[in-house]
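**Q** Feature table excerpt (Swiss-Prot):
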- H84, H183: heme b b562 binding site (BINDING)
- H98, H197: heme b b566 binding site (BINDING)
- H202: ubiquinone binding site (BINDING)
- 34-54: transmembrane segment (TRANSMEM)
- 78-99: transmembrane segment (TRANSMEM)
- 114-134: transmembrane segment (TRANSMEM)
- 179-199: transmembrane segment (TRANSMEM)
- 227-247: transmembrane segment (TRANSMEM)
- 289-309: transmembrane segment (TRANSMEM)
- 321-341: transmembrane segment (TRANSMEM)
- 348-368: transmembrane segment (TRANSMEM)
Amino acid sequence: MAPNLRKSHPLLKMINNSLIDLPTPSNISAWWNFGSLLGICLATQILTGLLLAAHYTADTTLAFSSVAHTCRNVQHGWLIRNLHANGASFFFICIYLHIGRGLYYGSYLYKETWNTGVILLLTLMATAFVGYVLPWGQMSFWGATVITNLFSAVPYIGQTLVEWAWGGFSVDNPTLTRFFTLHFLLPFMIMGLTLIHLTFLHESGSNNPLGIVSNCDKIPFHPYFSLKDILGFMLMLLPLMTLALFSPNLLGDPENFTPANPLVTPPHIKPEWYFLFAYAILRSIPNKLGGVLALAASVLILFLAPLLHKSKQCTMTFRPFSQLLFWTLTANLLILTWVGSQPVEHPFIIIGQLASLTYFTILLILFPIIGALENKMLNY
């Protein structure tokens, strides 16, 4: 009998072991769809991004006009740009849900997979930030100015660091050029990191909603989960296309329709919606260095998740108190997102500070305590 090419060819064998004959737990729910959705997001973003880069000019005098030209004169340029801008939002929706799934079901106990995932999140955030600067509108310019300025909070070398990042004494042409370079480069880095992420995942195999070893009951990835993933793609592409075609500017900032002007500061500088929770945490501390440290900690805290797991059970499926805490954390993040979009005025300042405190308290203190408490309850 002739050998099956799919199983013997060096390249096809790798694809086969990752996407076709991969043993997969039979009970994984729709929450396990987001990994493949993130893959689709990345592919879409790279494709639309390459097409946009072909028409973009990384120069302060031409950047804004080149984006307008793409939307007006390039075949379907408006659609490509709208898909790219809103695709970023869907990328973040998927990654936040993916991380939420990981926290809920204890996937962080697969340490290598989890840590590469957090590095992926950081790289994605960097990519989105530098990408937002490229259209060179008012919010692009002032967002870049405010966020890069945070490096000046680093003791001793801060100011040097900022000027080195800017390539001058303010955000200007060199800054735009290097941001374009980074925005082009980082997605390919994300691709590489994704392969590492998947390599680590396939070492241990997938987690499942029960959090128990499922080796005795695994099924091939294809056709079961390949079909389920295609359903997921459809359900994501539908709202993405709806947003891109019906209200493409819904999630953007109207300030970005005005070309960048260093002499006029927008009344309220704020990042895109997916960074608002971190921005709220940054603003809630009245000290610059303290704010920067809190901002960094708000994301880097994910690295600590495996160390803070005190429960005897992997998932939260049978842990009602941890579940309550998890959904409180979710609500808290939504409050932070809302506060980040509001001006720095009386009620919002204190709400932001309380929400920031709650965020760190839940993750660092309450989760381990409740986990240990639930272990005690197992004895009764």
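Using the three backbone atoms N, Cα and C, a Cβ is placed for every residue, glycine included.
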**Q** So, taking each listed stretch (34-54, 179-199, 227-247, 289-309, 321-341) in turn and counting its Cβ pairs to the transmembrane segment (78-99) that are under 8 angstroms, which one gives the highest count?
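**A** Ranking 34-54, 179-199, 227-247, 289-309, 321-341 by Cβ pairs under 8 Å to the transmembrane segment (78-99) puts 34-54 first.
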**Q** When a 10 Å sphere is centred on the Cβ of H98 (heme b b566 binding site), how many other Cβ atoms does it contain?
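**A** Excluding its own Cβ, H98 (heme b b566 binding site) sees 20 Cβ atoms within 10 Å.
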**Q** Who are the long-range neighbours of the transmembrane segment (179-199) in its own chain, taking Cβ under 8 Å and residues 6 or more past its ends?
**A** 18, 38-39, 42, 45-46, 49, 53, 56, 58, 113, 116-117, 119-120, 123-124, 126-127, 130-131, 133-134, 144
**Q** Could you check which of the binding-site residues H84, H98, H183 is the closest Cα neighbour of H202 (ubiquinone binding site)?
**A** H98
**Q** Answer with yes or no whether the transmembrane segment (348-368) touches the transmembrane segment (321-341) by the criterion of at least three Cβ pairs under 8 A, sequence separation 6 or more.
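**A** Judged by the Cβ rule, the two regions touch, with the required three close pairs present.
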**Q** Cα of H197 (heme b b566 binding site) to Cα of H84 (heme b b562 binding site): how many Å, rounded?
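**A** Rounded to a whole number, the Cα-Cα distance is 24 Å.
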**Q** Taking residues 6+ outside the transmembrane segment (114-134), which of them lie with a CB under 8 Å of any CB in it?
**A** 56, 58, 63, 67, 88, 91-92, 95, 98-99, 102, 107-108, 140-141, 143-144, 147, 175-176, 179-180, 182-183, 186-187, 189-190, 193-194, 196-197, 200, 271-272, 274-275, 299-300, 302-303, 305-306
**Q** H84, H183, H197, H202: which of these binding-site residues has the sparsest Cβ neighbourhood within 10 Å?
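**A** Counting other Cβ atoms within 10 Å of each of the binding-site residues H84, H183, H197, H202, the minimum falls on H202.
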**Q** DSSP on H197 (heme b b566 binding site), three-state: which is it?
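**A** Helix, per DSSP.
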**Q** How many whole Å apart are the CA atoms of H84 (heme b b562 binding site) and H98 (heme b b566 binding site)?
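**A** Cα of H84 (heme b b562 binding site) to Cα of H98 (heme b b566 binding site) measures 21 Å after rounding.
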**Q** From the Cα of H98 (heme b b566 binding site) across to the Cα of H183 (heme b b562 binding site), what is the distance in angstrom?
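**A** Between the Cα atoms of H183 (heme b b562 binding site) and H98 (heme b b566 binding site), the distance comes to 23 Å.
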